[in-house]
Structure formats: C-alpha cells, structure tokens
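S.K.: Heads up, here are the entries from TrEMBL:
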type     : residues  : note
ACT_SITE : B:CYS119  : active site
ACT_SITE : B:HIS243  : active site
ACT_SITE : B:ASN273  : active site
DOMAIN   : B:113-190 : domain 'Beta-ketoacyl-[acyl-carrier-protein] synthase III N-terminal'
DOMAIN   : B:227-316 : domain 'Beta-ketoacyl-[acyl-carrier-protein] synthase III C-terminal'
REGION   : B:244-248 : region 'ACP-binding'
Amino acid sequence: MAHTEQEILDGLGEIIDEIAGVSASEVTPEKSFVDDLDIDSLSMVEIAVAAQDKFGVEIPDDQLKDLKTVQDVINFIQK
Amino acid sequence: MNLLPAAAGARVIALGEYQPANVVTNDDLAERVETSDEWIQSRVGIKERRIAGPDDSVVSMGAAAGGKALAASGLAPADIDLVIVATCTLVDQIPNAAARVSARLGIEAPGAFDVNAACAGFCYGLGLAADSVRAGSAHNVLVIGSEKLSDWLDWEDRSTCVIFADGAGAAVVTAAETPGIGPVVWGSSGDRADKIYLRDDKYLYQEGQAVFRWATTELNAVAAEALRRAGVEPEQLTAFVPHQANLRIVEAIARKLGAPQAIIARDIVTAGNTSSASVPLALSRMSGRGELPSGSLVLTMGFGAGLTYSAQVLEIP
C-alpha cells in the first residue's frame, strides 16, 4: 500500500509528537532530527519502530543513521 | 530408580544487597571523558553509580549481599544446600565464585556453581533455584547476582563507562506449600551475539541502538508470557523490576506492560547498570524502603548479552 508524501508527513508528526514531545506542526520536511527537533539516537529508534508499525516499512539501524531530515525518512518510506 | 519427593512450590523468603561505598557522579565522569550530567541523565537516566574499591570483588560483594539475605532469612549457614552465583564479570574464573562465597559465609559442602547469562543471569539463577527446590535436589538455595563491571570497562569510552557499575544482590529460596515463584520464561538469540561482547577480549562493548530496539520491541512478549504462565494478570502486579539496563528501556517496556498501577523499578538512577546484580539489588532496595509489601506480586525480567533473557513472577517475602 503506497502512502502519499502528505500522509507520511502527518503520520511522522503524530509519532514524533508522542515519542519526543515535539509538536506535530514543527515536523516539516526540511527539519533535521538532531539539529532542529533535538531528537537523539534512541528516540530515532523508537520513531523508526513506530513508523514501521504505521507504514509497514522496516528501517534498519544501519540505514537509520543516514536519515538526517524528515524528508529523508519520507523518501525512505516511499521508496 | 527412585525420585526424591517433590515440593509443591518454591518461594523467596529473604533478600539482601551490597553496594560499594565509592559513589561516582556524572560530574566525576565528565572530568575523565567528554560527557555531561545532562547527556547521561537524558540518554540513560543515571545520576550516580557505585564503583568497587580495592577490597571489593565479585566474591566479596556476593558474599556481603548473600550474608545479608541469609541473616534476614533466619536460616543457619548449615541449612543452605545450594549456592548459585550469577556473574559474567569474574576475572579469576577458577575456582568459581559460588564455592568461594560459600566458604566466606560458613556454608559447608553446598552444591555451588556460577551462572553466566549476562544481565539475565539472576533470573536464570532464580529459575534454577526454584526448580531445584521443587525437584527435591535442594532444600534451601542462596541465589546471588554479583558483578564488577568496572574491571571490564574502557574508561576512555564514553558510550560504556557512563552506564555500567558494580554491586550485588541476593535471595534465599526455599520450599513452600504454595508457590511464590512462577514458571521461568527463558531464551536466547545467539544470532545476535555480536550486539554486546568483549572488544579486544577485555572491554565491554554494545551496539546501543540495536540493543535498545531489541529490548523495546521484543521483550514485552517475554514479560507477557511470564505473567500468563504464572496465571497472574498485569493489573495484579505491585511492581515491575526489569534489569536496570537503561532508564529509557525500562520505561519503554513498562509503558506497554498494561500495568499502570505497578511501581516501576528505577534503581538505575542511583545504582547504574550492574548487569545480573541489578534485579536483586533493585528488589532488595525497594523492599527495604517499604515499597514492596509482603505478599505482593512482582514481575522480574533480565536481558542482555547473548542475547539472553529470562523472566518470572515472584511473591515478596
């Protein structure tokens, strides 16, 4: 099942709000997880696991480290 | 061939603990490696930990914790016929720690062996103790978790030296008419042995993200199975005492446990990650503070290198 970019963005916003306490409205494609949203490596794992449950796409740890921005995650899930 | 008469059940009748006197704060560590109190607290939840002094060893700490549990049990050393020490940090592997601990406590001629299931070791040992009592191969068992992680740390590696610590905890297990220790759920995943191991055969190393993902996604099923086998509902738990690996792992597992009323062990905040000692240390300290009334049900779960895991429900003495 393919997801639109907007669906993924909205879904990530909800996940990041719940896990990291960052308001979903802050979660926009150009934002960097570390520099803009202050999300650390363990929260990234939680976000990846939640994204897998939601979108059915596994994000392994060795690829997770290359996903720097919200757009990177959107692209990975859409790929 | 005859079998020994089996006991109806086994239960924990006493707990004990030992921590080295030497307190090491996050600020102390920040003087040695590039880290900070804020970073350590937010990533692993530790404020301070205890590090062994020159007179503290796996054997001495284990004997100290075991001696306290034995004294609290009201049993005499001669009553103990099996001593199990869970440890993965014994530098001098021969002879084992259990025989040396027994000698220090004046326990003569018990069965004595060590268990290495890394951070899951105490819960494995508790399962072995309960099964030994039920089968009749022992009557009173002293189970100890004792670890000196500081012997296996690279004090230049800020990803590990801020997490691990030293200490010991112990329990006395004996036969009972009604079971006070539920069936153990244990297992392992040796295909992921490379996630936590000794780097260069001397420094503890772990892939933090991989361990975090495993612990927060796969261990709730182990906890649920331990509850199911014991016939205990999550709502009946007074406390959840998992291995004190990382406060964020503890809290992530606890959130999905379905036991909002349960006290969650957060012993790591002041004790650090003491591997197989963390569960009995937390149990003993929480019990000592009056947080675990007699008869209350607690879910314990260990997990760590191997990967190994083990869980069971127990009733507080």
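Placed from the backbone N, Cα and C atoms, the Cβ positions cover glycine too.
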S.K.: Which of B:CYS119, B:HIS243, B:ASN273 (active-site residues) reach within a Cβ distance of under 8 Å of chain A?
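M.R.: Near chain A, no listed active-site residues qualify.
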S.K.: Could you tell me how many residues in the region 'ACP-binding' (B:244-248) are helical, how many are strand and how many are coil under DSSP?
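M.R.: Each residue of the region 'ACP-binding' (B:244-248) counted once, the result is 2 helix, 0 strand, 3 coil.
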S.K.: If you measure B:CYS119 (active site) to B:HIS243 (active site) at Cα, how many Å is it?
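M.R.: Answer for this pair: 7 Å between alpha carbons.
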S.K.: Measuring Cα to Cα, how many angstrom lie between B:HIS243 (active site) and B:ASN273 (active site)?
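M.R.: Rounded to the nearest whole number, the Cα-Cα distance is 8 Å.
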S.K.: Just name the winner among B:CYS119, B:HIS243, B:ASN273 (the active-site residues) by count of other CB atoms within 10 A of its CB.
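M.R.: By the 10 Å Cβ neighbour count, B:HIS243 comes out on top.
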S.K.: What average pLDDT does the predicted model assign to the region 'ACP-binding' (B:244-248)?
M.R.: 96
S.K.: Where does B:ASN273 (active site) sit by DSSP, helix, strand or coil?
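M.R.: Looking at the DSSP assignment, B:ASN273 (active site) belongs to a strand.
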S.K.: In terms of DSSP three-state secondary structure, what is the assignment for B:CYS119 (active site)?
M.R.: helix
S.K.: Provide the three-state DSSP residue tally for the domain 'Beta-ketoacyl-[acyl-carrier-protein] synthase III N-terminal' (B:113-190): helix first, then strand, then coil.
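M.R.: Secondary-structure composition of the domain 'Beta-ketoacyl-[acyl-carrier-protein] synthase III N-terminal' (B:113-190): 23 helix, 29 strand, 26 coil.
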